[in-house]
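Colleague: Pasting a structure below so you can have a look.
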Amino acid sequence: MNQTAILICCLVFLTLSGIQGIPLSRTVRCTCISISNQPVNPRSLEKLEIIPPSQFCPHVEIIATMKKKGEKRCLNPESKAIKNLLKAVSEKKSKRPP
């Protein structure tokens, strides 16, 4: 009887070790529902997040957090004004001393 219990426990552990997590939601969900083409003043930015495409969202998302009120705006990565903003921010970071 003891050997049977050990064998059953081993089979259960081997079976459970092969189970992998499956996401509950299979829908595509992006953080940004709507995007803005309006230019943003770099001085009014608190934080700028760039979220690359993933399995959950096929688009590049750029989220700007503003200094006043902590408002978050989704920016259009294809907009010329936003491309200029990204360039200005990256140049500012590269000039910053380590």
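The backbone N, Cα and C atoms fix where each Cβ goes, glycine too.
Under the heading signal peptide, Swiss-Prot lists 1-21, citing similarity to another entry as support. If you look up Swiss-Prot, you'll see Arg26 marked as citrulline. The feature disulfide bond is assigned by Swiss-Prot to Cys30-Cys57, Cys32-Cys74, with similarity to another entry given as support.
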Colleague: I need the CA-to-CA distance for Cys30 (disulfide bond) versus Cys74 (disulfide bond), whole Å please.
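Modeller: Per the Cα atoms, Cys30 (disulfide bond) and Cys74 (disulfide bond) stand 11 Å apart.
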Colleague: If you count other Cβ atoms within 10 Å of each one's Cβ, which of the disulfide-bonded residues Cys30, Cys32, Cys57 has the most?
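Modeller: Of the disulfide-bonded residues Cys30, Cys32, Cys57, the most buried by Cβ count within 10 Å is Cys32.
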Colleague: Taking the Cβ of Cys74 (disulfide bond) as the reference point, list residues of the same chain whose Cβ is under 8 angstroms away and which are at least six residues distant in sequence.
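Modeller: Looking at Cβ-Cβ distances below 8 Å from Cys74 (disulfide bond), excluding near sequence neighbours, one finds Thr31, Cys32, Ile33, Ser34, Ile35, Ser36, Glu61, Ile62, Ile63, Ala64.
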